[in-house]
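Only one structure is covered here, and it is reproduced in the block below.
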Amino acid sequence: MGEIDIDTLRKVFPGAEGEIVAIDDLDITIEDGEFLVLVGPSGCGKSTTLRCIAGLETPSSGTISLDGVDITDRQPKNRNMAMVFQSYALYPHMTARENMSFGLKMTTDLSKGEIDTRVSEAAEMMGIERLLDQKPGEMSGGQQQRVALGRAIVRDPEVFLMDEPLSNLDAKLRTTMRTELQSLQSEFGVTTVYVTHDQTEAMTMGDRIAVLNDGELQQIGTPLECYHEPANQFVAGFIGSPSMNFFETSLSRTGAGARLDHEVFDYLLDQEGTDAVADVSDSVTLGIRPEDIELADGDEPNAFSADVTVTEPLGDVTFVYFEIGGQQVTASIDGDILLSEGSTLDIVFPQNRIHLFDGRTGGALKNREMPTDDELVDVSL
Amino acid sequence: MATSSGTGSRYAAEFKSFVKETWLGYAFMLPASVLLGLIVIYPTLRGVHISFFEMSLLQPGQETFVAFQNFAAMASDPKFWNAFGNSILLTGVAVALQYLLGLGLALALKEKVPGVALFRSASMITWVLPVVVMVIIFRFMVQPGYGFLNIVLGWFNLPTSYWFGDPTTAFPLVVTMHVWRNVPFFAIALMAAMQSIPESLYEAAEMDGAGSLAKFRYVTLPQISYVSMIMIVLHVIYTFNNFDIVFLSTGGGPLGSTEVLATYVYKQAFQSYALGYAASVGVVMLVLLLAFTVVYVKLEDTE
């Protein structure tokens, strides 16, 4: 069991220029066995939240419960949680075996033989049997990472806490470890809270992701929910790579429906879009993901031409950068279409793919259509 | 592909630059080597050499080769054994106390309490104070009549005395001066080592269930062991060789109770004029310190 309930958690640090609010009234419930990713930019409070759960920071107010028991003021050792640190934090003077058995030695009455058995089992699981008698200084980053994970696993905790554990690895190893961590987690079924600033990690690993900014929860949901139905402009811009393009427009109402006026183009909204902006007075932010921008033949409604400044061919797709009204706009175009820098293209933002945000609050007014159930079934098969 | 002549000239150029640069390197090293040879290596070798001769300052130029007779005389010299014992006792007790107190002070100074920065600087005063000044302060403090220590003892009607003149208290006072002087240096060095331990190690230990004592035992101590080794080796050498503190405060007395090898060597050479004998005592000190250093470094390596 390992259900974590975070209730109106608040953490304030004293700073040179007044107080710094790291976490602002955070409410999250993490189900037993769930893989929750806390994601957000630097300084958004995600690590502080994790450290509060671990007991390494004392919350200013609010409570944290584990399986219905209030653990807010418990010492870390009485929480039965294991943590993997960004720097791994392996004890440099101990061998991998000693590192992994240290927690068991401290917290349990297990005999030396029993501890050895458990360490060997965990080492086998992580594929690090041959490293057991080496010290961290003699291992590569990836090997240290495995030992750090092994140290967490061997404790058999109710909750795994991971603070950017993959950020010190090279890109290839990171991808491998990502899948490995996921399969380990689903194998153990242990509740896991994972902190990262990398939205790709968040999207690929989490059962659910919680997007934080400035200490406040922006949205919590499955990766696809956050991707397709962002709650606000921040989430829309943070989730997805390359980021969503935003255009600040002013709203005018015509007989044919609402129209968004931008410096370079006008965008006439369909009925659904018009309804969505019904309550907004003037400014609306139009959002479109790079992969949703389409090349136009020239006669579609709302199409306009733009100058290509840079192209980045990746093979399967090409990232095309346009200059639209002094702003750089990214489009992801089929890699088979050859484009040259400096050319002018007609592009269009399809009505069913655009996002609309309130220009003042940033709240979502309309999101792109979710993939239909048929499409989802096809994907999962 | 390079032509053969091209390859040849390339090698020639490389050889030339190698010779040039190497000789330049030797040239840079020469002054330092000569200086070292003059002020370190020659005196050391000369000292070892003298220890096999009978030599007196009163008859310069007269050297009689006596092989190991100086060392044999030492073995049956009770004054030598007294100084030898005192040196070892002083070094052992003083360095042990310095390390323990320094460790305690380091742990205290590491805490983030207001005003600790000032205290950190203030604690270094004893270390920067010249030895002469320190000895005068201590001698003044234990003066009968107007010494601070005796005044305080007088308030409580306790016996007062000139403590440096008493064979039972002189030695502990010498130890105290060594400790008083060097504890802050130990503290600063150990604190620096402690501050370089990443905070995440303590957090990991906390998550692993370690209490304060276990964190100290399993994280702090192993992480400061290297600095500890350097500090202990340095101070064993410093204390064992120390001359000025003992000589200025008691001169080795009263009744030889504070005589150490360093003061004994001085007395043999410049008061009894027995240069050869003094040199042989010096050689014994050198061998002892070398043996200690080798053993300690070996022990540290196996940790």
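In case you wondered, yes, glycine gets a Cβ from its N, Cα and C as well.
Some features that TrEMBL has for this protein:
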type: TRANSMEM; residues: B:23-45; note: transmembrane segment
type: DOMAIN; residues: B:84-296; note: domain 'ABC transmembrane type-1'
type: TRANSMEM; residues: B:88-109; note: transmembrane segment
type: TRANSMEM; residues: B:115-138; note: transmembrane segment
type: TRANSMEM; residues: B:145-164; note: transmembrane segment
type: TRANSMEM; residues: B:179-197; note: transmembrane segment
type: TRANSMEM; residues: B:218-238; note: transmembrane segment
type: TRANSMEM; residues: B:274-297; note: transmembrane segment
Discussion item. Cβ under 8 Å, sequence separation of at least 6 from the ends of the transmembrane segment (B:23-45): give me the contacting residues as numbers and ranges.
Written reply: 286
Worksheet item: Cβ pairs under 8 Å with the transmembrane segment (B:218-238): which stretch of B:88-109, B:115-138, B:145-164, B:179-197, B:274-297 has the most?
Response: B:179-197
Worksheet, complete the sentence: Spatial neighbours of the transmembrane segment (B:88-109) not adjacent in sequence (6+ beyond its ends, CB under 8 Å) are 116, 119-120, 123, 171, 174-175, 178-179, 182-191, 194, 228, 231-232, 235-236, 239-240, 260
